[in-house]
């Protein structure tokens with residue numbers, strides 16, 4: 001990567017984008033792409049990019065934003081028209097973290113820009129590169145891709161630019177424009193206020209006088225009961241059919257309903273479903289208790305709302321207690337049935353592999369119950385077992401006879417006294433002076449012995465020639 005940075009020209013200008021994925025530092029090539037950098041810096045100074053979304057995300061390729069409409073077709077430059085492309089021979093799409101202008105064709109640059117997520121040689125000489133993401137903020141840029149994307153490369157929950165900050169402005173002559181926001185139309189509420197309210201003309205009705213009297217009565221009652229809950233006692237005070245005693249039993253009914261619901265929910269959580277007879281028994285006990293205390297609750301209804309609340313709590317506690325008792329009885333019954341079934345099975349199969357399997361199972365279940373839980377006691381037990389094994393191993397080694405000629409018995413403890421023995425394969429040392437079938441013939445003409453032999457053989461040949 002070092003050769004890439006050496007090839008790229010030095011930057012001149014810096015902007016900080018504060019996004020929902022984190023801050024992103026962008027250094028600008030204002031000398032190589034002056035129009036694009038001036039356009040980008042001025043839009044940042046004018047808060048043009050604030051609250052805009054990254055409307056296009058292509059994993060491994062680009063992340064595009066800068067459109068105030070969020071559609072991918074909006075946005076305009078500070079020049080009032082699209083400006084020309086600015087290509088440079090030392091700026092190429094050869095890595096991630098580059099910032100370039102988005103366009104729909106040649107010389108069609110506006111306000112939209114994109115970040116590269118990898119090498120993209122197909123974009124060279126098509127899009128103007130004007131900056132790069134620096135430092136650790138490149139990882140915040142990569143977080144922009146961690147969103148759900150639909151078939152049209154649009155994120156369902158897109159990240160957005162919260163604000164922009166120009167840290168270093170190489171263009172001192174930039175004057176931010178005052179962007180006039182369009183005046184909002186009057187709200188619907190104001191329009192409704194301007195509309196005149198309709199008046200009811202009861203003279204047009206055949207029963208106009210009666211309707212007018214009912215309307216006045218309703219208005220008067222609604223004004224008097226404004227801000228309070230309304231009931232038949234408030235509206236019909238002179239009705240002789242209504243009782244003057246508050247209906248406290250309704251609260252009790254609600255309490256019983258809540259108790260039944262709580263009991264049913266808890267029973268579903270613990271055991272799945274309770275039997276119908278158990279539910280009926282619980283309902284009867286709660287109903288009896290409610291009947292006993294109904295008169296006392298009616299008398300003490302005027303004392304306040306704390307007593308009914310406390311009473312309902314007591315009823316809930318009693319319901320929970322009943323539920324626990326029923327569950328305990330049911331569990332006891334199930335355990336008894338299981339024990340009976342197990343005894344019957346044992347009697348049915350007195351002997352054989354099944355009985356042996358059951359005995360082994362009971363043995364290991366008893367050992368598992370004796371095993372302590374995790375903690376210091378479990379660690380102490382493990383160390384004790386290890387020391388016991390070591391002592392057993394040393395004892396087996398010491399008790400082994402020196403000359404064990406008998407065949408070893410294969411059992412669980414036989415391996416402890418086993419001795420590892422290897423076949424004796426000693427090799428003979430080769431002696432150069434000894435001739436053997438395995439001796440290799442080595443001839444060196446520079447050896448003095450070989451030289452003497454050659455001279456002697458030559459001498460013998462000369463003597464033979466002379467004799468002839």
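Quick reminder: no glycine exception, Cβ is built from N, Cα and C everywhere.
Of the listed residues (224, 273, 312), Swiss-Prot tags 273 with phosphoserine; the rest carry no such note in the record, though that does not show they lack it. Among the ranges 206-229, 374-397, 398-421, 422-445, the one that Swiss-Prot lists as coiled coil is 206-229.
Within the list 343, 457, the entry that Swiss-Prot describes as phosphoserine is 343.
Look at the compositional bias 'Basic and acidic residues' (453-468): DSSP puts its residues at 15 helix, 0 strand, 1 coil.
Confidence for the domain 'PPIase cyclophilin-type' (11-166), expressed as mean pLDDT, is 94.
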